[in-house]
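Trainee: Have a look at the structure that comes next, please.
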2 protein chains.
Amino acid sequence: MNGGGATTELEGCVVHPDLLSERKKCSFKVADFTRELYGPLHFDILTKLRAALSRNPAFDLRYLWGADGTTKQYVRACWLAEEVVKVIRDLKVMDIEEAIGPLQILAGEDMFVMLHLTMFLPTLKNMCDDEQAQYWVPLAKNFRIIGTYCQTELAHGSNVAGLETTADFDESTDEWVINTPSLQATKWWPGGLAKSSTHCVCMARLRIRGQDYGVHPFIVQVRDLNTHESLPGVTLFHIGRKLGYNSMDNGGAQFRDVRIPRRHLLMKFCHVDRKGNYRQLGNKKMLYGTMTFTRKQIIMAAGPQLAKSVVIAIRYSAVRRQFAMNLKKPEDMMTEKGEEVQVLDYSTQQFTLFPILAASIAYTVSGIWMDGFYADFMREAEKGNFSKLEEIHSVTSCLKATISLAVADGMEKCRKACGGHGYLLAAGIPLQFANFVPVATYEGDRVVLSVQTARVLLKVVQRKMMNKRQKYSLEGSTLEYIHEFDPFQERKPPSLGDEKWSDAEWILHAFRQRSCTLAYKAAQEYTEILGEGKTMMEALDEVKIEFARLSTAHSHVIVLQVFLDAARGVRTPEVRSVWEDLWYCLALSWMDEFFSEFLIGKSLSSDHHESLMKALKSILRKIRPNAVAIVDAFWIPDQLLNSALGRYDGRVYEALVNSTKMEELNRTDVPPGYQEYIQYILHPERRNSRDTVQKEGYTVSKL
Amino acid sequence: MNGGGATTELEGCVVHPDLLSERKKCSFKVADFTRELYGPLHFDILTKLRAALSRNPAFDLRYLWGADGTTKQYVRACWLAEEVVKVIRDLKVMDIEEAIGPLQILAGEDMFVMLHLTMFLPTLKNMCDDEQAQYWVPLAKNFRIIGTYCQTELAHGSNVAGLETTADFDESTDEWVINTPSLQATKWWPGGLAKSSTHCVCMARLRIRGQDYGVHPFIVQVRDLNTHESLPGVTLFHIGRKLGYNSMDNGGAQFRDVRIPRRHLLMKFCHVDRKGNYRQLGNKKMLYGTMTFTRKQIIMAAGPQLAKSVVIAIRYSAVRRQFAMNLKKPEDMMTEKGEEVQVLDYSTQQFTLFPILAASIAYTVSGIWMDGFYADFMREAEKGNFSKLEEIHSVTSCLKATISLAVADGMEKCRKACGGHGYLLAAGIPLQFANFVPVATYEGDRVVLSVQTARVLLKVVQRKMMNKRQKYSLEGSTLEYIHEFDPFQERKPPSLGDEKWSDAEWILHAFRQRSCTLAYKAAQEYTEILGEGKTMMEALDEVKIEFARLSTAHSHVIVLQVFLDAARGVRTPEVRSVWEDLWYCLALSWMDEFFSEFLIGKSLSSDHHESLMKALKSILRKIRPNAVAIVDAFWIPDQLLNSALGRYDGRVYEALVNSTKMEELNRTDVPPGYQEYIQYILHPERRNSRDTVQKEGYTVSKL
């Protein structure tokens, strides 16, 4: 059985027989799976956008294979940017907040326009008071200005309070004066700031009459809207080439006495009047709300990003064949070829790829859930209710930290699973990885974010241990299970034979117990260290390793719960059954990976490992016949996969050979470099001799 | 205390005060450490080569930051290649086999000349009979020909027996006729084959009168020595840009009836006479000896490669400061700056970096040991004694697989430990990672190699279980402990309190027990599956996951043993004590990472984890004051680190700002791309209007 949209753009092509037979043997309709995965709203937007982008050459990413320097890539990104803006203008999608996510995925490349949409515009919406919003939001929505979010400095990233850029109030002119007072204060990293943005939200220390009120958001124009030249007092520059993500012009900025009106301070959560009186409004932490919002966006995009790599690896593994299974002796491997097997049939390949496949679905589903959770929170915050602030902070922090790392690692595993050919840019995964991997660092790396997460969990533990009422009701929240846990209960792992690898609730319970054990142990250790007279910051440092592990464990509980709920809610029974297989695959593979933590949590004993591996291997075999159809269901066009190995038609070897036609060095037989250098390696005497003749442009020795 | 060569090239520069004070507080002399690390012979060669390269602009790698397309990078590699050859000719190092390793490290970039030295030349030495060697080796040694090793095809890598390229014997002319009979048979990947090599050792199916004798090495000329044009029947091309390693022109080749003399079959391990009679000589597996040799080379280079990244990460962590530790409440982090701490003081940073630091030393030492082991083996093989063939195969396989993966992962961890700035090419680590990571795949990936390793271990187990005599004496070998293990002995983990984290022998014993348990369990499972009537290949597949884990465990035993022996042999007591700290750091961090396998092996119980972490954290604190001096001791010149963050003088922010001067896009304020695209995003009406004026080259609207 097969069906659905995935084949539309490939009509007329000859599909590799191995993929044809894979697609025949699957147990569900691909289109049903796709609709469940993205949900009705996202699916509609995706369909609309796909249609708009599919025939536009700007969205053909193949040029990336040749990646010839930052300048060319940047100009190409400008082209893509203008086309993205045209699509938005044509389809009038800008009032559909939800389109930004799918658009980001479908554009394939991240560049200034994307950052404008995912950071600048939301910051204006969330930080402007009503009057300010009326002025700025339409300008940004209509791209009459292009903006970015300007926070990180050369010497300060994680430590926001350490930022050095200043905004001093000049009462005489009713203006702020912006300065980067040292080399270290140079703004460094904002995407689009180098060459593209006309404006930025600049985070700077708000000072009035010498008093420092901490870091606040100011809107600062950096380029002339007419000429695009940088404005007086503003020095802008490109911070240089990166491992990937080179379509984005990450920039540096220095400000020298740049004056902006008082009302360019974004005043939703604070207010400064004409006389320089400062007033805080609502919750102070909302001043940093852009980081929470951005983490939410990262979580939403992560699953679909990972999907691209796993689609490539699974399709390629289905057409790549290596070694025969019917040989009598392993020794024969060296001499006999035999009938070779699909690489996807190897247990190790399934063990590597299927948990990543399952994770890419789990993360996609979790992203959609996160988006809804965040929207609920913001609705309440608008009404002045910040009771969920701690939870939203802990959930976005821990999911961002864990998922971004897991996606980067997963991509690299997919790449390695493609063997040698996976290293070619033509394979697609190398640039997907290189472009994605900074996500694991920006907007908070794992250590910093896991401290944030763990502190919220520890508060729950501490209030419980001290028999204090929890600050807010935890019922139905992601923190409830921590509160419910009884640390004093005597625990023993089940006897051998009592483990239940096909009971989702039993498994989830083990995940919760692991997480709770880590939380209560960390809390205990932290309290003990404090008791030894260390400062809170020192004590925090001593349990940071444990915090990072706790944060991962907590994120597993959330993702598995969300994914399980989603799987149970799938309407088509055939698809539901496949989602359940994937759920078990993910849960059991995490149990294997973090097995010792389950032992420490007394959910399992070491003797259970054997049956765990048996259960996992049996799920892998169950998923195997559906694997290709599942990746088809991600419904990612070839154009976006940008991969000779992941093509829908599976004609990988022809595609690889074709890809070499784009390589500059193939324009001539004898390469540049021969005449200048290589000939003198082979014929050193030519360096000191005139005894040479010229032949077809190359110097040749008479000998 | 400080001293030694590491400072020589930096005289006169102002060193960051944090690094100055780090260097003052170390407990040993840096030069003593350096000499112990590389051993007297390598140290001398290194000194000689460093002096020769340090003032040569070709060895300045900074141009890589700009990485502007394959062609320019290739021409640059040709320049570097000619300079490398000049150094070799000048210093006459070509008779010192040992110089190739240091040279490869010091050149910084891998390109065709390196491959010529590390694969082509050794293949000639190992595969030619005496007469052939007399002809070919001097040509290659004097670079009168440039060669590569040509094995992998488009459709076959790991499965060497599946290669399709053919060499048919034509008795009438006494020649071989080489053909790539299909698209899939296209040779694909050989380094230097695209544009640089004049010759290659081509692996092809040797056929005589239709009989197929399997894959054999033939020497084939591919380019004219005078004009460098590719020869008739030979189609050569570049296979396209890769994630990294783009100084190497990896190539593809198709052969159409290319004729070479009969004596171009390399005839040390086989012989074909004028009448086409085939005879095998010595051990058939030696035909694939180049792979073993290359794995050995990879193991030798891996430690020093990892060192580069860890030097950068540790120096940067010593000058980067973030967050204050003396704040009263964690909440103050958001508002108060305080006196910030060196990032290297954070427990998580030490937990990430110090085990990698220890590993880079352990791998360096293991590489030198591996080199000696291989040399001994080859000496015996020359005499016809192949008794160590199995062991050398298993050791090179498992060390190559584990170490190459660990180095790639370690580099990426070092990069992430540098925070956001680690993502800039100017940080140095991105390209180190991107260039190194294919090593984890080529010459055998983890799965393929761990099967090779595990099969050798399983043979030992099986002979023991069947009470058969081991094929050769295992005494003093890396396999002995597997043989010594008694699987029937009842085992119980020590009681709480009986663990001995500062007893190296006790720890090593636990590592052996873990490895043996995995080996005997895998053997048992394998036998059971065979008993169910599956073929050997199927049974092998079902335990491959376990084999991969076993292979890692076995490699840990080898590396820890070699490193411990080396540490104990260090002559300077202060250095010895530091090496011992590093040994414990590595061993305990592996114990933590693979904790569940120690539980399964009954060496530990889950309750031991707490004291393990305490012991590990205390070793990390012990290493902390020496960390900067230890990385200084690697004695890697700034030129080779090629990093704004890892500089010996620690002036990272100035270096970052300086690095942006090389960025093309910084040549103009208004960027290329504005006139063509960005202006129409901001002013869409300009697309359809002539109402514009020209100003300084840019189109500006009159409004």
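A Cβ is built for glycine as well, from the same backbone N, Cα and C atoms used for every other residue.
The following feature annotations were taken from TrEMBL:
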- A:32-146: domain 'Acyl-coenzyme A oxidase N-terminal' (DOMAIN)
- A:150-258: domain 'Acyl-CoA oxidase/dehydrogenase middle' (DOMAIN)
- A:THR152, A:GLY191: FAD binding site (BINDING)
- A:288-458: domain 'Acyl-CoA oxidase C-alpha1' (DOMAIN)
- A:GLU443: active site, proton acceptor (ACT_SITE)
- A:504-682: domain 'Acyl-CoA oxidase C-terminal' (DOMAIN)
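Just tell me what is around each of these and how deep it sits.
Mentor: A sphere of 10 angstroms centred on the C-beta of A:GLY191 (FAD binding site) encloses 26 other C-beta atoms. In the three-state DSSP scheme, A:GLY191 (FAD binding site) is classed as coil.
Residues within less than 8 Å, Cβ to Cβ, of A:GLU443 (active site, proton acceptor) and separated from it by at least 6 positions along the same chain comprise A:MET291, A:THR294, A:ARG295, A:ILE298, A:LYS400.
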Trainee: With DSSP, how much of the domain 'Acyl-CoA oxidase/dehydrogenase middle' (A:150-258) is helix, how much strand and how much coil, in residues?
Mentor: 6 helix, 49 strand, 54 coil
Trainee: Report the same-chain neighbours of A:THR152 (FAD binding site): residues 6+ apart in sequence with Cβ closer than 8 Å to its Cβ, ordered by sequence.
Mentor: A:LYS187, A:TRP188, A:TRP189, A:PRO190
Trainee: With 8 Å as the upper Cβ-Cβ limit, not reached, which of the recorded positions A:THR152, A:GLY191, A:GLU443 neighbour chain B?
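Mentor: It is A:THR152, listed by sequence.
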Trainee: Summarise the model confidence on the domain 'Acyl-CoA oxidase C-terminal' (A:504-682) as a single mean pLDDT, whole number.
Mentor: 95
